[in-house]
Amino acid sequence: MCSSRFPPCSGGWICSKHWLLYPTPLSVDDELVNLVDTVKCGTSKYCHGIQAFEIMAIAAVGNNLITYVFNEMHFPLSKSANIVTNFIGTVFILSLLGGFLSDSYLGSFLTMLIFGFVELSGFILLSVQAHLPQLRPPPCSMVTEEHCMEAKGFKATIFFLALYLVALGSGCLKPNMISHGADQFRKADPNHSKKLSTYFNTAYFCFCVGELIALTVLVWVQTRSGMDVGFGVSAAAMAMGLISLISGVLFYRNKPSQGSIFVPITRVFVAAFTKRKQICPSNSEMNNHLGAGDLETSPNAYNLRHSDKFRFLDKACIKAQEGPNTKESRWRLCTMAEVEQVKVILSVIPIFACTIIFNTILAQLQTFSVQQGSSMNTQLASSFKVPPASLQAIPYMVLIVVVPIYETSFVPLARKLTGADSGITPLQRIGVGLFTATFSMVAAALVERKRREMAVESDELMSIFWITPQFLIFGLSEMFTAVGLIEFFYKQSLGGMQAFLTAMTYCSYSFGFFLSSLLVSLVNKITSSSSSSSSSSNGGWLSDNDLNKDRLDLFYWLLAALSILNFFNYLFWAKWHSKSPSPLAHAPSNGEEELLHISSSSKHYAAAENLL
């Protein structure tokens, strides 16, 4: 029996008992009312809940994974670092799959629900694998003993199966947690536009809280009680996140899926190629603009305008001249709105690419910097040692204080000076973070050089707190770049593409971690062929399991140089992106915005026409 609040369960309408499995949109009038209700209820807080718990679960695994892989599974240090970076890279690249499934078929809520349970199953299997001795190699010290049995065969299979179940679930969750919360706000309302910027800062605050708990409490549990218990606690945290998500099921504003987002993109390229010999008209009025019958294929036409970037794609919407009654195939004639959608995607790719080096630096803080801390004096008191992985909690302790100050003090002041809702533009925010990240690697290189000299020449251990600056500086830079990038992609996205473009943020993380694996392999290969005395005893900068024999400091200097070059490259592309006005011409009116989210049924079209 359906609730009296909703129309009968037919033709795309909502039945309350089916809401969990089929979260589809209401009618236009009902949706306007329901939108106000959902914003007043603050439904984004349920998304903040799963954001905090999910990052808590996976951060406790990812940030201390190299210790488990090296000490328990007995993989060599460089291979262990690559296992970790490949795992984290896979998590982030799978966010594209999550964004695609959400925008095209399942919707954000159902995507999060399905893959949340996939991630939970991975944590449970990891806990079982770490608990049973039959699934691990015999105990052995990788530092003091020369021949430790590496995990292979069935043991390695179970480990990697569990690890990549976590990667699949987390990857598909990440873009939807952000975009689903942002979908609860209405861009047409100026007040909601300001709240949207606050939402992104709050989401990052929840991320910091989750990271902080993971890197202190959960890492302490892993160190004190064993990795099996630690993985079990991660599973419990993930379960709490799913409970938070499901708690808001009756209040969410659920964006309808639009069908495959790749089909219209492909049509534009095919149409432009078939008309490659045509000359783009100087007057855009000659092109195929959106008509009333094209609403289904181009739901964003009402807030798009023609841009001068990638003019060759305009050929896709040149009308044939055979006659007034000629109707070309949709694979030969596209609307201007469809072309502009493709232009938006192409125009953000250079900005996306400029953040890859930034995330390569992050990869070092989660791999080599943890091992760097293991080679230092971790004694804090007579009875307490600092787990090296917990050092990554230091920037989050600071950010929990800095982010609210940034939101309550800096943003209002900057808003008065610049007129931007977010204080400074997302592109400016990204640039600040990219520049600052360079100094993280400079600090890391200086500290590692001094640590190595003390260990080799006088057999002294430097205090572990000397590597605090590299974590702290990067944490501050991430507050600018990570949040700025998410806000940039979401605001550039069009109807039906929010989750996918948000996923590009996480894809940047993926490419950064994969690039880290590639750099480690290349550096080892190149430096092993050199006879320089600065190389380790085996010939490569990172080829030994003992950091005192490696030259990690030189690797850090290499990354600092790449980072500063990347910053100047970013300045060029940011200026290029800012030269042309965005194809998003104006904030749509209330009625226009609702058109972006209605389904394709004829009665919805009729209601939309009456509303306008």
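Note that Cβ sites are derived from N, Cα and C of the backbone, with glycine treated the same way.
Any TrEMBL annotation is an automated prediction that lacks curation.
According to TrEMBL, the features are:
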type	residues	note
TRANSMEM	52-71	transmembrane segment
TRANSMEM	83-102	transmembrane segment
TRANSMEM	109-132	transmembrane segment
TRANSMEM	158-178	transmembrane segment
TRANSMEM	199-221	transmembrane segment
TRANSMEM	233-252	transmembrane segment
TRANSMEM	344-365	transmembrane segment
TRANSMEM	393-414	transmembrane segment
TRANSMEM	426-447	transmembrane segment
TRANSMEM	467-490	transmembrane segment
TRANSMEM	499-523	transmembrane segment
TRANSMEM	554-573	transmembrane segment
Result, the transmembrane segment (467-490) in contact with the transmembrane segment (393-414) (3+ CB pairs under 8 Å): yes
Contact between the transmembrane segment (109-132) and the transmembrane segment (199-221) (3 or more Cβ pairs under 8 Å, separation 6+): no
Stretch-level contact, the transmembrane segment (52-71) and the transmembrane segment (467-490), CB cutoff 8 A, at least 3 pairs: no
Cβ pairs under 8 Å between the transmembrane segment (158-178) and the transmembrane segment (499-523), at least three: yes
Proximity verdict for the transmembrane segment (83-102) and the transmembrane segment (426-447), three or more C-beta pairs under 8 Å: no
Outside the transmembrane segment (426-447), six or more residues from its ends: residues with CB under 8 Å to it: 351, 354-355, 358, 361, 364-365, 369, 372, 462, 466-467, 469-471, 473-474, 476-485, 487-488, 491, 553-554, 556-557, 559-560, 563-564, 566-567, 570-571, 574, 577-578
Winner by Cβ pairs under 8 Å against the transmembrane segment (467-490), considering only 199-221, 344-365, 499-523, 554-573: 344-365
For the transmembrane segment (344-365): best-contacting stretch of 199-221, 499-523, 554-573, by Cβ pairs under 8 Å: 499-523
